[in-house]
Amino acid sequence: MKNKQTFLTKGSFALLLFVILGYVVKFHPNYLKDFDSLIQITLRGDLPHTLTFFFSSVTSLINTPVIMIWVAVLAGFFLYKKWWSEAILLIGNLALTGLLVAFLKNIYQHSRPAIQHLVEEGGFSFPSGHALASTLIFGTLLIIVSQRIKSVQTKRILQSLMIVMIFIIMTSRVYLGVHYPTDVLGSFLLGLGILHVEFPYYDKLRFQWRFKGKQK
């Protein structure tokens, strides 16, 4: 119960920060201009070709058709292994990402940065769909790796990879000019909050199903 309350408290705090940031984005966007501009200028520099190619390639992993394919493959593997709760969490968070992004972008209707876009993107800017998807999906995989991988060294390598991927995707969206830093920050806070709120319920369900022999 204590651990559950800790996760819920941390999750609620992250979600509260998202709401506060969203309020500023919606009603006082000028307050964020200096912060966003400083990071954009520092990160983008003179847009070296090597970085442009790297970030364009990495961000494509989260494009809707691509992420649906590799998440489906992973979910299929989990189902094959009879990891039912893990498959539900992974597929559920991908679906949740799509619903939240469509809903929230329509609420905030925040225009994309008026700078050179290095990839094509339409629609509104806040929150970043790619950043939210990477936070929720790689965050989900981070949880699964922590529970399923027995080798400490392998576990640490995979955990580090998941964390690095989240931040590379977030960075790529700013570098490519299609999002403000506050867009990806908002998505990270939202994703982090959701994962913390979900975890105690997922973990309880996983324990119950394993205890009853419903899953491995």
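Keep in mind that glycine also has a Cβ here, set from the backbone N, Cα and C atoms.
Pulled from TrEMBL, these are the features on record:
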TRANSMEM  7-25  transmembrane segment
TRANSMEM  53-80  transmembrane segment
TRANSMEM  87-104  transmembrane segment
DOMAIN    88-199  domain 'Phosphatidic acid phosphatase type 2/haloperoxidase'
TRANSMEM  124-145  transmembrane segment
TRANSMEM  157-178  transmembrane segment
TRANSMEM  184-202  transmembrane segment
Chain residues outside the transmembrane segment (7-25) and at least six past its termini with a C-beta under 8 angstroms from it: 31-32, 104, 108, 110, 126-127, 182, 185-186, 189-190, 192-197, 199-200
Folded-back contacts onto the transmembrane segment (184-202), same chain, C-beta under 8 angstroms, at least six residues removed: 3-4, 7-8, 10-15, 17-18, 21-22, 25, 85, 89, 93, 96, 100, 126-132, 134-136, 139-140, 143, 166, 170-171, 173-174
Distal contacts, the transmembrane segment (87-104) - CB-CB under 8 A, six or more residues away: 22, 64, 67-68, 71, 74-75, 78-79, 126-127, 129, 132-133, 136-137, 139-141, 143-144, 190, 194, 198, 202
DSSP-assigned states of the domain 'Phosphatidic acid phosphatase type 2/haloperoxidase' (88-199) in counts, ordered helix, strand, coil: 84 helix, 0 strand, 28 coil
